[in-house]
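Asks: Here it is, the structure in full.
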Amino acid sequence: MPRKGKSSLSRVSSQRQAKRLARSLESLEDAELRRQEQAERQAAFRASETPSQRQERHFEQTEQRQATLRATETPDQSQRRRLEQAERQATLRATETPAQSQRRRLEQAERQATLRATETPAQSQQRLFEQAERQAALRAAETPDETQHRLIEQAERQSTIRASETPEQTQARRDANAQLQAERRQNFQINNWSVFNDAAFNYDPLIDYRNHRLVVIGLMDKACRFSSALKWKDETAGMCCSNGKVSLPLLGEPEEPLKTLFLYDANESRRFINRIRKYNSCFQMTSFGVDREIIMPGFSPTFTVQGQIYHRIGSLFPAENEQHKFLQVYFMGDEEIEVDRRCQFIQGVERDTVFKIQRFLHERNILVKTFKTALEILPEEDYKVVIHADRTPRGEHERRYNAPLINEIAAVISGDQFSSRDIVLRARDDTLQRVADTHKFYDALQYSLIYCKVQEGYHFQIPLINSVTKEPTPNKKVSCMDFYTYHMMLRENDFNLLARYRQLFHQFLVDMYVKVESEHLRYISLNQKKLRVENYIHLQDAVSSDASLNPRNLGKMVILPSSFVNSPRYLHEYTQDAFAYIRTYGRPDLFVTFTCNPTWKEITEELMPGQKSTDRHYLVARVFRLKVQIFSERCSASCIQLNGKKENYRMPTF
């Protein structure tokens, strides 16, 4: 078979060479006679052509010549040719009669219908994609005046078409639109993502898009089998208690009169809840300080600070010629004067409510009772009251603790045998002591209404437990984030005290998250060798590039790893990831902004009586995160379906 093909090609080549040789030997008369015969044969052949064959031949010849010419064109020649064609076409259309224009449009529509009828689905998809790209390029190059002109022309064409409609055509169009809308609303009940295709271009205000079964994440009714915390079905299983490794006592129900004030079923209760931060400021025992408090203009129900948060505490009695404040107000001696002082110090609170809470704290707050006892036992001023940082109540399991007893909170000493994390109170002193954020009463001293029973806050001596045996795990401690996450969760048979504090809860969350970040930074500072900072390239460059620099005189440098959010290495790593995405998959096509709607059903159903979404920011954040996950999964599935291959698409999340 190969030999036969080779011999055929050789024979054709020989024939062509023989023909060229014969033509080179022709006389002028023979050459002219041959051309005449060829012309006669071609004329006879074309005379026998049908109109369709002639049309096809002209089209092929024109297409071949045009392709040859365009292949050799320079960009300037191509641009000039297009401009000339546009001018000729504009001139021709300007001289057309209305009948000619109508006939031309009909012919174009017929040709286009014929071509589209023979298209394959892949060709149709490719054509639509190219049209969309051309349209997007044209729209992007438009000036504002051109855009306005285009919209006006579209409106005029639409109104002209509508004005030329007969009553029957108008009714038919309306019926067709109504039928299409009815079908779309019916199809929207299908449990399939395809019902959202082109929904933005065919928006129907009567369709409740946000409550579709695929979009709604359901009720927060999935209880953790370890901690009984309520979660949504798609939330992380161990977010509340690390899969049973964290077990802490709950804050429980407040006693009267606080419980009644938190129920939001009376006018006094509503006024108390709306001014909850002011009432807490009346009874806080430490001063709350920040580097900078951010006050946003307009309505801003959030609590925002910048920098470090610190709590400070002074002596039990004020210095001479100074007024009582914070903890000192508790020891004024007369409850009426004490109430007056609190109302004078914080404006906008009701005296009767302050009186009720004040009497309750004097009777039930263990810290206040401890300080009073110390004052009664030792009336002299040459002593110190020390609140220990790591004392554990006697008779209790080392992992668990109840409300502390008087003699297990503080000790009265005259020397200086106390730790740097202990809280030391003097009888009279004009200096302030900074309370360590790792002290177990750091929270109770500042948030007297939240920790009304003086429950212990976070400290270093809370161990993790084995989820099976319920025994403490050696050398494993509960982190600050796990501690407060455990208390933030809602539980079905609990009073859920934190969720009722509204604006005070916002302040509490900001305060405690600063404590979480401080613990993270403290760990990084104390474990620089484990993080191998000597291998960081930036530190090496800094030492090697400066010949006059002595590494021994650098001092102690703390380098933040890339795991610390918004650190230089974190931002550098994300920048490199973005470059890698573009280098591998190309530039992004879309920049999608996904916003949260505070009236989503999942948010409003979990609010307590009288609450708004702004009272439960953490609830809004959890719902929004779940919605973004659904959106990302849907985008990934759509792009995979469009590209046909999973490896062609990656959905970065930020």
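Easy rule for this one: first residue shown is 1, then count along the chain.
Cβ atoms here come from the backbone N, Cα and C positions, even for glycine.
As annotated in TrEMBL:
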REGION    1-179  region 'Disordered'
COMPBIAS  7-16  compositional bias 'Polar residues'
COMPBIAS  31-40  compositional bias 'Basic and acidic residues'
COMPBIAS  54-63  compositional bias 'Basic and acidic residues'
COMPBIAS  64-76  compositional bias 'Polar residues'
COMPBIAS  78-87  compositional bias 'Basic and acidic residues'
COMPBIAS  115-128  compositional bias 'Polar residues'
COMPBIAS  146-156  compositional bias 'Basic and acidic residues'
COMPBIAS  157-170  compositional bias 'Polar residues'
DOMAIN    483-634  domain 'Helitron helicase-like'
Asks: The domain 'Helitron helicase-like' (483-634): mean pLDDT?
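Replies: Mean pLDDT, the domain 'Helitron helicase-like' (483-634): 82.
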Asks: Which residue counts does DSSP give the compositional bias 'Basic and acidic residues' (31-40) for helix, strand and coil?
Replies: 10 helix, 0 strand, 0 coil
Asks: Using DSSP, what is the helix/strand/coil residue split across the compositional bias 'Basic and acidic residues' (146-156)?
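Replies: For the compositional bias 'Basic and acidic residues' (146-156), the helix, strand and coil counts are 11 helix, 0 strand, 0 coil.
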